[in-house]
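First comes the structure, then the notes that go with it.
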Amino acid sequence: MLYAAPGTADAIFAFKPRYDNFIDGTWQPPVRGEYFDNVTPITGKVFCKAARSTEEDITLALDAAHAAADRWGRTTAAERALILNRIADRLQDNLETLAYVESIDNGKPIRETLAADIPLAIDHFRYFAACIRAQEGSLSQIDETTIAYHFNEPLGVVGQIIPWNFPILMATWKLAPALAAGNCIVLKPAEQTPISILVLTELIADLLPPGVLNVVNGFGLEAGKPLASSKRIAKIAFTGETATGRLIMQYASQNLIPVTLELGGKSPNVFFDDIASADDSFFDKAVEGFVMFALNQGEICTCPSRALIHESLYDRFIERALARVAVIKQGSPLDTETMIGAQASTEQMDKILSYMDIGREEGATVLAGGARAELGGELDGGYYVQPTVFKGNNSMRIFQEEIFGPVVAVTTFKDEDEALHLANDTHYGLGSGVWTRDGNRAFRFGRGIKAGRVWTNCYHLYPAHAAFGGYKQSGIGRENHHMMLDHYQQTKNLLVSYDPKAMGFF
(Lines of atoms letter the chains of each structure in order from A and count residues from 1; the text may use other names and numbers.)
(Lines give C-alpha, C1' and ligand atoms only; values in the text may rest on other atoms or scores of the structure.)
Protein backbone atom coordinates (compact mmCIF):
# COMPACT_ATOMS: atom_id res chain seq x y z
CA MET A 1 0.00 0.00 0.00
CA LEU A 2 1.26 3.46 -0.89
CA TYR A 3 -0.02 6.26 1.34
CA ALA A 4 -0.76 9.57 -0.34
CA ALA A 5 1.73 12.40 0.10
CA PRO A 6 0.88 15.28 2.43
CA GLY A 7 -1.12 18.07 0.83
CA THR A 8 -2.82 15.76 -1.67
CA ALA A 9 -6.51 14.93 -1.78
CA ASP A 10 -6.11 11.37 -0.51
CA ALA A 11 -3.71 12.13 2.36
CA ILE A 12 -4.97 10.64 5.63
CA PHE A 13 -3.83 13.67 7.64
CA ALA A 14 -3.84 17.37 6.85
CA PHE A 15 -0.90 19.24 8.33
CA LYS A 16 -1.41 22.81 9.44
CA PRO A 17 0.64 25.38 7.57
CA ARG A 18 2.17 26.50 10.88
CA TYR A 19 2.56 24.98 14.36
CA ASP A 20 2.83 26.98 17.57
CA ASN A 21 4.10 25.93 21.00
CA PHE A 22 1.90 24.09 23.48
CA ILE A 23 2.10 25.96 26.79
CA ASP A 24 -0.29 25.87 29.75
CA GLY A 25 -2.84 23.83 27.85
CA THR A 26 -3.08 26.22 24.90
CA TRP A 27 -1.34 26.78 21.57
CA GLN A 28 0.79 29.89 21.81
CA PRO A 29 2.83 31.60 19.08
CA PRO A 30 6.53 32.16 19.79
CA VAL A 31 7.18 35.40 21.64
CA ARG A 32 9.37 36.79 18.85
CA GLY A 33 6.97 35.62 16.15
CA GLU A 34 9.54 33.62 14.21
CA TYR A 35 9.04 30.23 12.53
CA PHE A 36 11.29 27.87 10.59
CA ASP A 37 10.61 25.63 7.61
CA ASN A 38 10.03 21.96 8.32
CA VAL A 39 11.18 19.70 5.50
CA THR A 40 10.14 16.11 4.89
CA PRO A 41 13.19 13.94 4.12
CA ILE A 42 11.05 11.95 1.71
CA THR A 43 11.19 14.64 -0.98
CA GLY A 44 13.32 17.38 0.56
CA LYS A 45 10.37 19.78 0.35
CA VAL A 46 8.88 22.05 3.01
CA PHE A 47 5.48 20.85 4.24
CA CYS A 48 4.87 23.16 7.22
CA LYS A 49 6.51 25.60 9.62
CA ALA A 50 7.31 25.27 13.32
CA ALA A 51 7.84 27.84 16.06
CA ARG A 52 11.40 29.11 16.35
CA SER A 53 11.36 29.63 20.09
CA THR A 54 13.81 31.37 22.40
CA GLU A 55 14.45 31.75 26.11
CA GLU A 56 11.29 33.85 26.48
CA ASP A 57 9.16 30.90 25.36
CA ILE A 58 11.02 28.51 27.65
CA THR A 59 10.30 30.91 30.52
CA LEU A 60 6.58 30.88 29.74
CA ALA A 61 6.58 27.08 29.65
CA LEU A 62 8.43 26.90 32.97
CA ASP A 63 5.96 29.36 34.50
CA ALA A 64 3.08 27.11 33.43
CA ALA A 65 4.80 23.96 34.65
CA HIS A 66 5.57 25.43 38.07
CA ALA A 67 2.00 26.69 38.44
CA ALA A 68 0.70 23.16 37.84
CA ALA A 69 3.39 21.20 39.68
CA ASP A 70 1.98 21.17 43.21
CA ARG A 71 -1.52 20.07 42.25
CA TRP A 72 -0.31 17.46 39.74
CA GLY A 73 2.26 16.12 42.18
CA ARG A 74 -0.47 15.56 44.76
CA THR A 75 -2.67 13.45 42.51
CA THR A 76 -2.87 9.81 43.47
CA ALA A 77 -1.01 7.07 41.67
CA ALA A 78 -4.39 5.66 40.63
CA GLU A 79 -5.39 8.97 39.02
CA ARG A 80 -2.16 9.28 37.09
CA ALA A 81 -2.30 5.65 35.99
CA LEU A 82 -5.81 6.20 34.66
CA ILE A 83 -4.63 9.20 32.64
CA LEU A 84 -1.66 7.29 31.21
CA ASN A 85 -3.97 4.48 30.14
CA ARG A 86 -6.30 7.00 28.53
CA ILE A 87 -3.32 8.44 26.65
CA ALA A 88 -2.47 4.93 25.46
CA ASP A 89 -6.07 4.43 24.32
CA ARG A 90 -6.01 7.73 22.42
CA LEU A 91 -2.78 6.76 20.69
CA GLN A 92 -4.21 3.35 19.84
CA ASP A 93 -7.27 4.97 18.28
CA ASN A 94 -5.01 7.18 16.15
CA LEU A 95 -2.19 4.72 15.46
CA GLU A 96 -2.31 4.99 11.68
CA THR A 97 -2.37 8.79 11.76
CA LEU A 98 0.60 8.98 14.11
CA ALA A 99 2.52 6.43 12.05
CA TYR A 100 1.90 8.49 8.91
CA VAL A 101 2.90 11.77 10.55
CA GLU A 102 6.07 10.22 11.98
CA SER A 103 7.11 8.91 8.57
CA ILE A 104 6.52 12.29 6.92
CA ASP A 105 8.45 14.14 9.62
CA ASN A 106 11.38 11.73 9.92
CA GLY A 107 11.56 9.86 6.61
CA LYS A 108 11.42 6.37 8.10
CA PRO A 109 9.35 3.61 6.45
CA ILE A 110 5.73 3.64 7.49
CA ARG A 111 5.83 -0.13 7.90
CA GLU A 112 8.12 0.46 10.90
CA THR A 113 6.05 3.23 12.44
CA LEU A 114 2.90 1.12 12.04
CA ALA A 115 4.44 -2.06 13.45
CA ALA A 116 6.99 -0.77 15.96
CA ASP A 117 7.32 2.92 16.82
CA ILE A 118 3.71 3.74 17.68
CA PRO A 119 2.74 0.34 19.18
CA LEU A 120 5.83 0.54 21.41
CA ALA A 121 4.89 4.06 22.50
CA ILE A 122 1.41 2.84 23.41
CA ASP A 123 2.84 -0.04 25.41
CA HIS A 124 5.24 2.22 27.30
CA PHE A 125 2.37 4.39 28.55
CA ARG A 126 0.47 1.29 29.68
CA TYR A 127 3.57 -0.15 31.32
CA PHE A 128 4.28 2.93 33.44
CA ALA A 129 0.60 3.21 34.33
CA ALA A 130 0.97 -0.27 35.82
CA CYS A 131 4.31 0.56 37.45
CA ILE A 132 3.02 3.57 39.33
CA ARG A 133 -0.03 1.65 40.55
CA ALA A 134 2.23 -1.10 41.83
CA GLN A 135 4.81 1.20 43.44
CA GLU A 136 4.78 1.13 47.22
CA GLY A 137 6.54 3.11 49.88
CA SER A 138 8.20 1.34 52.77
CA LEU A 139 8.78 1.59 56.46
CA SER A 140 11.52 0.39 58.72
CA GLN A 141 10.99 -0.34 62.39
CA ILE A 142 14.01 1.20 64.10
CA ASP A 143 12.98 0.11 67.58
CA GLU A 144 9.82 -0.40 69.61
CA THR A 145 8.69 3.22 69.23
CA THR A 146 10.61 4.59 66.24
CA ILE A 147 9.57 4.15 62.63
CA ALA A 148 11.24 5.31 59.40
CA TYR A 149 8.70 5.95 56.64
CA HIS A 150 9.85 6.26 53.02
CA PHE A 151 7.74 8.14 50.49
CA ASN A 152 8.30 8.51 46.74
CA GLU A 153 7.79 12.14 45.73
CA PRO A 154 8.04 13.78 42.30
CA LEU A 155 11.00 15.99 41.47
CA GLY A 156 8.68 18.78 40.34
CA VAL A 157 9.41 20.38 36.97
CA VAL A 158 11.71 18.53 34.59
CA GLY A 159 13.21 19.30 31.19
CA GLN A 160 13.35 16.82 28.33
CA ILE A 161 15.16 17.16 24.99
CA ILE A 162 14.13 14.66 22.32
CA PRO A 163 16.19 13.34 19.36
CA TRP A 164 15.14 13.19 15.74
CA ASN A 165 15.58 9.47 15.07
CA PHE A 166 12.50 8.24 16.99
CA PRO A 167 10.60 11.43 17.84
CA ILE A 168 7.41 9.94 19.27
CA LEU A 169 8.95 6.83 20.82
CA MET A 170 11.86 8.68 22.44
CA ALA A 171 9.45 11.32 23.75
CA THR A 172 7.34 8.52 25.22
CA TRP A 173 10.36 6.94 26.92
CA LYS A 174 10.70 10.18 28.87
CA LEU A 175 7.11 11.35 29.14
CA ALA A 176 5.56 8.15 30.48
CA PRO A 177 7.75 7.70 33.60
CA ALA A 178 7.90 11.45 34.29
CA LEU A 179 4.11 11.82 34.19
CA ALA A 180 3.60 8.61 36.14
CA ALA A 181 5.90 9.90 38.87
CA GLY A 182 3.91 13.13 39.15
CA ASN A 183 6.20 15.62 37.41
CA CYS A 184 5.39 18.53 35.12
CA ILE A 185 7.37 18.71 31.89
CA VAL A 186 8.88 21.18 29.48
CA LEU A 187 9.83 19.22 26.38
CA LYS A 188 11.82 20.38 23.35
CA PRO A 189 11.64 18.24 20.21
CA ALA A 190 14.53 18.10 17.76
CA GLU A 191 14.39 20.90 15.20
CA GLN A 192 14.76 18.29 12.42
CA THR A 193 11.52 16.57 13.48
CA PRO A 194 9.35 19.09 15.32
CA ILE A 195 5.87 18.16 14.16
CA SER A 196 4.97 14.57 15.06
CA ILE A 197 5.28 15.27 18.80
CA LEU A 198 2.98 18.28 18.36
CA VAL A 199 0.40 16.12 16.57
CA LEU A 200 0.60 13.65 19.44
CA THR A 201 0.18 16.54 21.88
CA GLU A 202 -2.93 17.73 20.01
CA LEU A 203 -4.44 14.29 20.42
CA ILE A 204 -3.87 14.03 24.18
CA ALA A 205 -4.11 17.69 25.24
CA ASP A 206 -7.55 17.31 26.83
CA LEU A 207 -6.39 14.39 28.98
CA LEU A 208 -3.84 16.37 31.02
CA PRO A 209 -4.36 19.42 33.26
CA PRO A 210 -2.96 22.67 31.82
CA GLY A 211 0.73 23.14 32.50
CA VAL A 212 1.54 19.49 33.11
CA LEU A 213 2.95 19.01 29.60
CA ASN A 214 4.49 21.90 27.69
CA VAL A 215 6.12 21.50 24.26
CA VAL A 216 8.42 24.23 22.95
CA ASN A 217 10.06 23.96 19.53
CA GLY A 218 13.22 25.63 18.36
CA PHE A 219 16.93 25.23 17.73
CA GLY A 220 19.38 23.83 20.23
CA LEU A 221 21.24 27.00 21.19
CA GLU A 222 18.12 29.16 21.10
CA ALA A 223 15.69 26.92 23.01
CA GLY A 224 17.51 23.77 24.14
CA LYS A 225 20.29 25.55 26.00
CA PRO A 226 17.95 27.87 27.96
CA LEU A 227 15.96 24.81 29.02
CA ALA A 228 18.93 22.63 29.96
CA SER A 229 20.70 25.44 31.84
CA SER A 230 17.63 26.75 33.65
CA LYS A 231 17.75 26.96 37.44
CA ARG A 232 14.03 26.23 37.47
CA ILE A 233 14.18 22.56 36.44
CA ALA A 234 14.85 19.72 38.86
CA LYS A 235 16.19 17.35 36.20
CA ILE A 236 17.19 17.30 32.55
CA ALA A 237 16.86 14.23 30.31
CA PHE A 238 18.55 14.21 26.93
CA THR A 239 18.97 11.78 24.06
CA GLY A 240 21.40 12.69 21.32
CA GLU A 241 25.04 12.80 20.36
CA THR A 242 27.79 12.52 22.95
CA ALA A 243 29.28 15.98 22.30
CA THR A 244 25.96 17.66 23.10
CA GLY A 245 25.52 15.37 26.10
CA ARG A 246 28.73 16.75 27.58
CA LEU A 247 27.31 20.27 27.34
CA ILE A 248 24.02 19.18 28.91
CA MET A 249 25.95 17.63 31.79
CA GLN A 250 27.92 20.85 32.30
CA TYR A 251 24.72 22.87 32.50
CA ALA A 252 23.22 20.40 34.98
CA SER A 253 26.34 20.38 37.15
CA GLN A 254 26.15 24.15 37.53
CA ASN A 255 22.68 23.76 39.00
CA LEU A 256 23.38 20.48 40.84
CA ILE A 257 20.49 18.63 39.23
CA PRO A 258 20.39 15.00 38.05
CA VAL A 259 20.69 14.10 34.39
CA THR A 260 19.72 11.16 32.24
CA LEU A 261 21.87 11.00 29.12
CA GLU A 262 21.35 8.47 26.33
CA LEU A 263 24.16 9.18 23.90
CA GLY A 264 26.14 7.68 21.04
CA GLY A 265 27.20 4.15 20.29
CA LYS A 266 29.38 1.98 18.08
CA SER A 267 27.81 -1.34 18.85
CA PRO A 268 29.57 -4.64 18.09
CA ASN A 269 27.56 -7.51 16.62
CA VAL A 270 29.54 -10.70 17.27
CA PHE A 271 28.98 -13.89 15.25
CA PHE A 272 30.61 -17.10 16.50
CA ASP A 273 31.42 -20.03 14.24
CA ASP A 274 28.89 -22.40 15.80
CA ILE A 275 25.96 -20.53 14.26
CA ALA A 276 26.82 -22.29 10.97
CA SER A 277 26.71 -25.80 12.42
CA ALA A 278 23.37 -26.14 10.65
CA ASP A 279 21.79 -24.27 7.76
CA ASP A 280 18.51 -23.78 9.56
CA SER A 281 16.16 -21.05 10.73
CA PHE A 282 18.60 -19.96 13.44
CA PHE A 283 21.36 -19.41 10.89
CA ASP A 284 18.93 -17.38 8.82
CA LYS A 285 17.99 -15.41 11.94
CA ALA A 286 21.67 -14.60 12.51
CA VAL A 287 21.94 -13.34 8.93
CA GLU A 288 18.96 -11.10 9.58
CA GLY A 289 20.72 -9.95 12.76
CA PHE A 290 23.63 -8.76 10.64
CA VAL A 291 21.33 -6.78 8.35
CA MET A 292 19.80 -4.99 11.34
CA PHE A 293 22.41 -2.27 10.73
CA ALA A 294 20.00 -0.88 8.12
CA LEU A 295 16.94 -0.71 10.39
CA ASN A 296 15.65 2.85 10.70
CA GLN A 297 18.27 3.83 8.09
CA GLY A 298 20.94 3.07 10.69
CA GLU A 299 19.78 6.09 12.68
CA ILE A 300 19.75 4.27 15.99
CA CYS A 301 22.22 4.83 18.82
CA THR A 302 22.53 1.06 19.17
CA CYS A 303 22.96 0.41 15.45
CA PRO A 304 25.07 -2.78 15.08
CA SER A 305 27.61 -0.82 13.06
CA ARG A 306 30.55 -3.17 13.76
CA ALA A 307 30.18 -6.80 12.70
CA LEU A 308 32.79 -9.15 14.18
CA ILE A 309 32.71 -12.52 12.43
CA HIS A 310 34.74 -15.63 13.29
CA GLU A 311 37.33 -16.15 10.57
CA SER A 312 36.23 -19.72 9.82
CA LEU A 313 32.65 -18.52 9.36
CA TYR A 314 33.37 -15.37 7.42
CA ASP A 315 33.19 -16.49 3.76
CA ARG A 316 29.98 -18.45 4.09
CA PHE A 317 28.29 -15.95 6.36
CA ILE A 318 29.18 -12.78 4.47
CA GLU A 319 28.01 -14.31 1.19
CA ARG A 320 24.59 -14.97 2.71
CA ALA A 321 24.52 -11.60 4.46
CA LEU A 322 25.37 -9.63 1.31
CA ALA A 323 22.65 -11.48 -0.56
CA ARG A 324 20.19 -10.34 2.12
CA VAL A 325 21.44 -6.75 1.90
CA ALA A 326 21.00 -6.82 -1.87
CA VAL A 327 17.26 -7.48 -1.60
CA ILE A 328 16.51 -4.72 0.91
CA LYS A 329 13.73 -2.73 -0.73
CA GLN A 330 14.52 0.98 -0.73
CA GLY A 331 11.89 3.43 -1.86
CA SER A 332 9.17 5.75 -0.69
CA PRO A 333 8.77 5.62 3.09
CA LEU A 334 5.01 5.87 2.50
CA ASP A 335 4.99 2.48 0.76
CA THR A 336 4.33 -0.34 3.24
CA GLU A 337 6.69 -2.57 1.23
CA THR A 338 9.66 -0.23 1.71
CA MET A 339 12.31 -1.53 4.13
CA ILE A 340 14.67 1.45 4.23
CA GLY A 341 13.61 5.05 3.83
CA ALA A 342 15.24 8.47 3.90
CA GLN A 343 17.84 9.85 6.28
CA ALA A 344 16.35 12.44 8.62
CA SER A 345 18.09 15.48 7.13
CA THR A 346 20.39 16.57 4.35
CA GLU A 347 23.07 17.25 6.97
CA GLN A 348 22.87 13.67 8.19
CA MET A 349 22.98 12.30 4.66
CA ASP A 350 26.06 14.37 3.90
CA LYS A 351 27.74 13.14 7.08
CA ILE A 352 27.11 9.51 6.13
CA LEU A 353 28.43 10.03 2.62
CA SER A 354 31.55 11.71 4.01
CA TYR A 355 32.25 8.62 6.14
CA MET A 356 31.97 6.47 3.04
CA ASP A 357 34.76 8.55 1.55
CA ILE A 358 36.75 8.22 4.78
CA GLY A 359 36.37 4.44 4.67
CA ARG A 360 37.73 4.26 1.15
CA GLU A 361 40.61 6.60 2.01
CA GLU A 362 41.53 4.37 4.96
CA GLY A 363 41.73 1.36 2.66
CA ALA A 364 38.48 -0.34 3.59
CA THR A 365 36.85 -2.49 0.92
CA VAL A 366 33.29 -1.68 -0.14
CA LEU A 367 31.35 -4.94 -0.21
CA ALA A 368 27.95 -3.35 -0.86
CA GLY A 369 26.53 0.11 -1.46
CA GLY A 370 28.83 3.01 -0.78
CA ALA A 371 26.90 5.87 -2.38
CA ARG A 372 23.78 7.98 -2.35
CA ALA A 373 20.68 6.15 -3.54
CA GLU A 374 19.15 7.73 -6.64
CA LEU A 375 15.48 6.76 -6.59
CA GLY A 376 14.17 9.19 -9.22
CA GLY A 377 10.82 10.86 -9.59
CA GLU A 378 9.43 12.80 -6.65
CA LEU A 379 11.97 11.09 -4.39
CA ASP A 380 14.88 12.60 -6.28
CA GLY A 381 15.19 15.47 -3.82
CA GLY A 382 14.97 13.19 -0.78
CA TYR A 383 17.81 12.05 1.44
CA TYR A 384 18.52 8.45 0.52
CA VAL A 385 21.67 6.41 1.09
CA GLN A 386 22.47 2.88 -0.08
CA PRO A 387 22.87 0.23 2.65
CA THR A 388 26.64 -0.08 2.83
CA VAL A 389 29.01 -2.83 3.99
CA PHE A 390 32.74 -2.19 4.48
CA LYS A 391 35.49 -4.72 5.20
CA GLY A 392 38.38 -3.35 7.23
CA ASN A 393 39.95 -3.38 10.68
CA ASN A 394 38.90 -2.05 14.05
CA SER A 395 41.43 0.80 14.11
CA MET A 396 39.74 2.56 11.20
CA ARG A 397 37.56 5.59 11.82
CA ILE A 398 34.55 3.84 10.30
CA PHE A 399 34.89 1.30 13.14
CA GLN A 400 35.50 3.84 15.90
CA GLU A 401 33.30 6.86 15.12
CA GLU A 402 29.52 6.95 15.13
CA ILE A 403 28.22 7.36 11.58
CA PHE A 404 24.50 7.08 12.37
CA GLY A 405 23.53 5.69 9.01
CA PRO A 406 22.99 2.37 7.19
CA VAL A 407 26.69 1.52 7.27
CA VAL A 408 28.34 -1.53 8.85
CA ALA A 409 32.07 -2.15 9.14
CA VAL A 410 33.08 -5.83 9.12
CA THR A 411 36.18 -7.57 10.43
CA THR A 412 37.12 -11.07 11.62
CA PHE A 413 38.44 -12.60 14.84
CA LYS A 414 40.35 -15.78 15.67
CA ASP A 415 38.98 -16.72 19.08
CA GLU A 416 36.74 -15.57 21.90
CA ASP A 417 39.45 -13.50 23.60
CA GLU A 418 40.14 -11.51 20.46
CA ALA A 419 36.43 -11.04 19.85
CA LEU A 420 35.96 -9.62 23.35
CA HIS A 421 38.94 -7.30 22.93
CA LEU A 422 37.57 -5.99 19.63
CA ALA A 423 34.06 -5.63 21.02
CA ASN A 424 35.28 -3.51 23.94
CA ASP A 425 37.80 -1.49 21.91
CA THR A 426 35.57 1.58 21.68
CA HIS A 427 34.76 4.71 23.66
CA TYR A 428 31.10 3.72 23.60
CA GLY A 429 29.09 1.09 25.41
CA LEU A 430 25.40 1.33 24.60
CA GLY A 431 24.40 -1.83 22.77
CA SER A 432 25.89 -5.05 21.44
CA GLY A 433 24.87 -8.37 19.95
CA VAL A 434 26.06 -11.94 20.50
CA TRP A 435 25.14 -14.81 18.18
CA THR A 436 25.96 -18.36 19.24
CA ARG A 437 24.30 -21.72 19.83
CA ASP A 438 26.36 -22.20 23.02
CA GLY A 439 24.41 -20.96 26.04
CA ASN A 440 27.45 -20.88 28.31
CA ARG A 441 29.42 -18.83 25.80
CA ALA A 442 26.48 -16.47 25.31
CA PHE A 443 26.30 -15.80 29.06
CA ARG A 444 30.06 -15.55 29.54
CA PHE A 445 30.62 -13.29 26.57
CA GLY A 446 27.59 -11.16 27.32
CA ARG A 447 28.87 -10.47 30.83
CA GLY A 448 32.27 -9.60 29.40
CA ILE A 449 31.04 -6.94 26.98
CA LYS A 450 31.19 -3.42 28.43
CA ALA A 451 27.79 -2.26 27.24
CA GLY A 452 24.46 -1.46 28.85
CA ARG A 453 22.50 -3.88 26.69
CA VAL A 454 23.63 -7.14 25.15
CA TRP A 455 21.13 -8.63 22.74
CA THR A 456 21.71 -12.37 22.63
CA ASN A 457 20.56 -14.19 19.50
CA CYS A 458 18.37 -11.19 18.68
CA TYR A 459 18.76 -7.48 18.05
CA HIS A 460 16.80 -4.21 18.13
CA LEU A 461 14.11 -5.31 20.58
CA TYR A 462 12.99 -2.47 22.89
CA PRO A 463 10.40 -3.71 25.40
CA ALA A 464 9.20 -1.29 28.06
CA HIS A 465 10.25 -3.55 30.92
CA ALA A 466 13.92 -3.98 29.91
CA ALA A 467 16.36 -1.36 31.25
CA PHE A 468 18.17 0.62 28.57
CA GLY A 469 21.26 2.79 28.91
CA GLY A 470 24.96 3.06 28.29
CA TYR A 471 28.38 2.38 29.70
CA LYS A 472 31.39 4.65 29.11
CA GLN A 473 30.65 7.61 26.81
CA SER A 474 27.23 6.27 25.84
CA GLY A 475 25.43 7.92 28.68
CA ILE A 476 24.37 8.13 32.30
CA GLY A 477 21.30 6.56 33.88
CA ARG A 478 18.73 4.18 32.47
CA GLU A 479 15.47 4.43 30.57
CA ASN A 480 12.54 2.02 30.56
CA HIS A 481 11.90 -0.62 33.26
CA HIS A 482 10.24 0.34 36.55
CA MET A 483 13.62 1.58 37.82
CA MET A 484 13.03 4.60 35.56
CA LEU A 485 10.56 5.92 38.12
CA ASP A 486 13.53 6.39 40.45
CA HIS A 487 15.04 8.85 37.95
CA TYR A 488 11.95 11.04 38.25
CA GLN A 489 11.35 10.78 41.98
CA GLN A 490 13.07 11.62 45.23
CA THR A 491 12.73 9.76 48.50
CA LYS A 492 11.24 11.47 51.53
CA ASN A 493 12.10 9.86 54.86
CA LEU A 494 9.94 10.62 57.87
CA LEU A 495 11.73 9.38 60.97
CA VAL A 496 9.05 9.35 63.66
CA SER A 497 9.34 8.67 67.37
CA TYR A 498 6.19 7.54 69.14
CA ASP A 499 7.93 7.55 72.52
CA PRO A 500 6.68 10.33 74.82
CA LYS A 501 9.89 10.25 76.88
CA ALA A 502 12.77 12.69 76.29
CA MET A 503 15.72 11.35 74.31
CA GLY A 504 18.08 12.17 77.18
CA PHE A 505 20.84 14.05 75.34
CA PHE A 506 20.45 17.34 77.24
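Including glycine, each Cβ sits where the backbone N, Cα and C put it.
Some features that Swiss-Prot has for this protein:
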- GLY218, PHE219, GLY220, LEU221, GLU222, ALA223, GLY224: NAD(+) binding site (BINDING)
- GLU262: active site (ACT_SITE)
- CYS301: active site (ACT_SITE)
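Features recorded in Swiss-Prot, as mapped to the structure shown.
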residue : record              : Cβ neighbours (10 Å)
GLY218  : NAD(+) binding site : 27
PHE219  : NAD(+) binding site : 15
GLY220  : NAD(+) binding site : 16
LEU221  : NAD(+) binding site : 10
GLU222  : NAD(+) binding site : 17
ALA223  : NAD(+) binding site : 28
GLY224  : NAD(+) binding site : 27
GLU262  : active site         : 27
CYS301  : active site         : 27
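If you take the Cα of CYS301 (active site) and the Cα of GLU262 (active site), they are about 8 angstrom apart, rounded to a whole number. Within 8 A of the CB centroid of the NAD(+) site residues GLY218, PHE219, GLY220, LEU221, GLU222, ALA223, GLY224, the other residues of that chain are SER53, THR54, LYS188, GLU191, LYS225, PRO226. GLY224 (NAD(+) binding site) and GLU262 (active site) are 16 Å apart (CA-CA, integer value).
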